[in-house]
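Peer 1: Dumping what Swiss-Prot says about this protein:
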| type | residues | note |
| --- | --- | --- |
| ACT_SITE | 93 | active site |
| ACT_SITE | 249 | active site |
| ACT_SITE | 273 | active site |
| DOMAIN | 34-333 | domain 'Calpain catalytic' |
| DOMAIN | 538-573 | domain 'EF-hand 1' |
| DOMAIN | 636-669 | domain 'EF-hand 2' |
């Protein structure tokens, strides 16, 4: 069953290998000793196979940072920067390039690094968090690092061996994947998602006509991580080339600009190499000290061009598109660049967690899993993004896998109604395959579509024993929903007393009576509170519900005092909606708990996860959006039901009702 993210998904932290950081640290402090992690020991098994030759492996020793030459160790010295990172003996540029981009984004790095030090409550134990299949996983490590000749074997600490957060974070990631050998060559997409839980946009530089400067600026504005990769060279290993670039290598994209050059403008892009030293920088046009920088009269020249031996450099966008093969953007929501590189903020998400398919190794038809979704309205450009993340487990990760362990197809279901599972005959008779996946093995795979309105089914099959995975389906929302905030009447931004229109509005719709019914309330709300398309309006049934919840005389009408109480809530709910919305006019069902927390009338009211799941089904549409009228009905009903229970319960734990009392309570409200 599909569900939308609940607060427990965001707040609960999974303890990797059931290791609790606080318990382990406090135990070590009480015993006066430093932590030794037996689940990732200071041994050859943690380095893994095929990374080092046996002779070199025998020379590896493990030391804590304070035992290395240099000044006193620090977790973070001054501030976090990509220049704190220097790649070592593992070919994990794919991880370090993503990490370099992460350093520019406080939103993500705070989730991963947390506050730690080598002084306060130091016990030789550190922790880091990674996103795995919809949940944050906390990995605990000790601070013993593999060294040779007093030099760290893998990521090198900078600032005279004094700053160690990159080394320790790399070790935690190696533990998560199995060993340091599992860091040796990988995919940028996997690292980006593991560090953020975001969605990947893959730009094929040789074939995609993209305005790179605008794309980078758009993605940066959205808080995205941006990386890129070079193609392989004559060998299947990273090799430094004459132009200063490295083949089969990952880089961090750090900026892009239009710069004045001669009598026109030229587009340039800034990159950083995780090798972290000047010899591994681009030597062509716009490189450090090049003729182009001498000739430009751009007033930003001194700001942009800082010649340092740090692995960062500029190059022209034209050269970039020729020399690099792909650029990867990772963001909380899909970044679609098919319509002028504009950022479309209105997306809803359906998430299927902990999905397991049992394979069929004995031959015969393969087992499958099916996931349904609907496209409601036609729109231009990419409107559906399907993301697959395979769990990091020994059964899923096998080096001999040459292809993605799951096959995926998106199939148009036509007029077929959704059911638990379509039979095989359905697929043989309809054959409406939109797209299938066919890709080399990686743990994260993203497919983008432009789909017409209709019902669709995602079919997943596995090639071997079993596979556990997360499936996320992002559906673009139409502009009318995205700009719902513009449908609010601006007179509602103040409190009722500020605009002074409550009484006059009521009198106008009461038509010389002292009260209004549901039909009059519907006209009042849709004319005075909302000005938008019909789908955003209060329905008659919703207005009947509001009347039933607010009236005290049980006559199906609201008098002026009852209307004043309703109006006060509507104004407050509007502020709640605008505060909680994911993007302008878009409130997702996964954020209903935030609406509860921000509603003054619900102080002291708590609901369970099970009830929260039920109300998301009750008050959201097919793609997980909650309209303003639906939010109003939900919040008012929750307040009314909680107050009713407290009024009727004698002990606050339960209540006794006759059948007629129960029926009267639930049928009218």
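Just so it is clear, glycine is given a Cβ too, placed from its N, Cα and C backbone atoms.
Buried or exposed, and what's around them? Tell me for each listed feature.
Peer 2: Non-local neighbourhood of residue 93 (active site): 87, 238, 249, 250, 251, 274, 275, each in the same chain, at least six residues away, with C-beta under 8 Å from its C-beta.
If you take the C-beta of residue 273 (active site) and look for same-chain residues 6 or more apart in sequence within under 8 angstroms, you find 246, 249, 251, 280, 281, 311, 312, 313.
The average pLDDT for the domain 'Calpain catalytic' (34-333) in the predicted structure is 91.
Across the domain 'EF-hand 1' (538-573), DSSP classifies residues as 25 helix, 2 strand, 9 coil.
Below 8 angstroms of C-beta separation, residues 545-546, 548-550, 554, 569, 596, 599, 601-602, 605, 607, 615 of the same chain, each at least six residues beyond the ends of the domain 'EF-hand 2' (636-669), sit close to that stretch.
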Peer 1: Neighbour count, 10 Å Cβ-Cβ cut-off, for residue 249 (active site): what number do you get?
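Peer 2: The Cβ of residue 249 (active site) has 27 Cβ neighbours within 10 Å.
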